[in-house]
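Here is the structure we will look at.
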Amino acid sequence: MYYLINLANRYNLLAESNERTSHFGEVPSIGGIAFFINFLIALGVTQFFGDWNTGMALMIGTSIIVFVGIRDDILDLPIRRKLPLQLFAIILVLFMSGLKIEGLYGFLYIDQVPAWISYPLSFLLVLFFMQAYNLIDGIDGHAASIGIIIFGSFSVFFWLIQDYLFLTISAVSLVGLLVYLCYNLSKLYKIFMGDTGTLLIGFLIGFSIIRILSYTPEQVAVLPFRGQFLPVLLLAILFVPIFDVFRVMIVRKRSGKPIFSPDRNHVHHVLTDAGFSHRRASFFSASFSLSFAFVIFLIIQSESVILLGIAVLIFLLLVNLLLIRLGKTYRAKKLKVLIRKPVMKYSKLFKALGLYNFLV
């Protein structure tokens with residue numbers, strides 16, 4: 001990371017602040033390259049654990065994603081110039097590796113998923129998490145903290161199932177995010193992962209989910225809960241990026257804005273606008289994510305669908321009420337600032353009217 005910071009400063013590969021960013025000044029934005037280097041070294045040393053088709057597919061696919069990410073970080077490409085290569089990378093890995101969602105193990109009474117549904121569903125899943133993970137990278141430490149929880153959980157899954165290729169991918173991603181988090185939160189050696197990092201991590205998250213949903217019922221039987229609850233636990237682990245995307249789309253739709261227009265309605269922006277520091281907002285979001293996943297894990301041990309449904313509804317209600325409350329606090333602060341300026345300017349007049357102390 002240290003060498004990448006020096007490289008970024010030397011060649012001006014820096015992210016500038018604007019009205020939507022939460023940082024000030026210029027910060028190196030090529031931290032994602034470190035993830036890719038670690039990924040290549042790990043796959044090369046392990047020689048894909050004999051799974052050459054999947055390993056080579058992921059190596060080629062991630063290379064395309066990183067190429068697009070680096071160009072985007074440097075040139076700030078429009079969506080029409082970067083999306084086609086992202087789509088090509090996803091399709092390439094799906095067909096080279098043969099990976100696809102095979103079934104949901106009885107969740108929603110779905111066992112096997114037909115191939116004509118499985119491939120489009122797998123494609124959309126990877127694309128969704130590439131964009132979703134990119135969207136939660138808005139403040140220091142947030143994307144890294146959520147990624148650590150996700151890949152930490154995936155590492156346990158792959159270790160129990162003895163899938164050493166994806167265990168290596170998850171473990172390398174986990175360690176890379178832990179190291180990156182230290183630099184991202186640093187004031188002296190701060191660096192961002194940039195689109196290179198977020199797209200790569202989202203890409204690996206998507207294909208890790210597909211891998212988990214491609215196992216046979218016999219392989220899933222080693223997990224400490226029934227297979228039909230596996231998709232539920234995955235949704236709980238991935239709660240923050242999923243919730244953030246759908247919440248923002250609903251807020252934009254209700255406001256009459258295009259659902260893909262950029263704004264500051266993401267969960268991390270609501271927290272920081274309400275007065276949370278970057279570290280506290282990231283810690284709060286990650287703690288909530290981890291707590292939610294842990295509670296769901298405990299509940300599925302009881303195999304009570306009713307209790308599970310109640311827990312999910314309570315969590316959704318709590319998080320929405322909290323965000324509404326924080327949003328009102330932020331709007332109240334903005335209103336107070338707007339009122340304060342003219343009051344301070346004409347302080348003598350408002351003092352004479354006896355309104356100065358009330359308004360200020």
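Each position is counted from 1, following the chain as shown.
Glycine is no exception: its Cβ is also placed from the backbone N, Cα and C atoms.
Under the heading Mg(2+) binding site, TrEMBL lists Asn134, Asp195. Counting every protein chain shown, 27 other Cβ atoms lie within 10 Å of the Cβ of Asp195 (Mg(2+) binding site).
Sequence annotations record features per position, and here TrEMBL assigns transmembrane segment to 30-50 (among others).
Here TrEMBL flags 56-75 (among others) as transmembrane segment.
Summarising the annotation, TrEMBL assigns transmembrane segment to 87-110 (among others). Proximity of distant same-chain residues to the transmembrane segment (87-110), defined by a Cβ-Cβ separation under 8 Å and at least 6 residues beyond the stretch ends, is recorded for 53-54, 56-58, 60-62, 64-65, 68, 118-119, 121-123, 125-127, 203, 206-207, 210-211, 213-217, 220, 226-232.
Sequence annotations record features per position, and here TrEMBL assigns transmembrane segment to 116-136 (among others).
Among residues of the same chain six or more beyond the transmembrane segment (143-161), those with a C-beta under 8 A of the stretch's C-beta atoms are 133, 136-137, 167, 170-171, 173-174, 177-178, 180-181, 184, 193, 198, 201, 205, 208, 211-212, 215, 219-220, 222-223, 237-238, 240-241, 282-283, 285-286, 289-290, 293. Per TrEMBL, transmembrane segment is recorded for 143-161 (among others).
Annotation source TrEMBL lists transmembrane segment at 167-185 (among others).
Look at TrEMBL and you will find 197-216 (among others) tagged as transmembrane segment.
When Cβ-Cβ distances below 8 Å are used as the criterion, the transmembrane segment (228-250) is approached by residues 104-107, 128-129, 131-133, 135-136, 146, 149-150, 153, 205, 209, 212-213, 220, 259, 263, 265-267, 285, 288-289, 292-293, 296-297, 300, 303, 308, 319, 323 of the same chain, each at least six residues removed from its ends. For 228-250 (among others), the entry in TrEMBL reads transmembrane segment.
Feature annotation from TrEMBL assigns transmembrane segment to 281-300 (among others).
According to TrEMBL, the transmembrane segment annotation covers 306-326 (among others). Outside the transmembrane segment (306-326) by six or more residues, the chain places 229, 232, 243, 247, 267, 270-271, 273-274, 288, 292, 295-296, 299-300 with a CB less than 8 A from a CB of the stretch.
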Stretch of maximal Cβ-Cβ contact with the transmembrane segment (116-136) [cut-off: under 8 Å; candidates 30-50, 167-185, 197-216]: 197-216
Stretch contact, the transmembrane segment (167-185) with the transmembrane segment (30-50), Cβ-Cβ under 8 Å, 3+ pairs: yes
Count of other CB atoms lying within 10 Å of the CB belonging to Asn134 (Mg(2+) binding site): 20
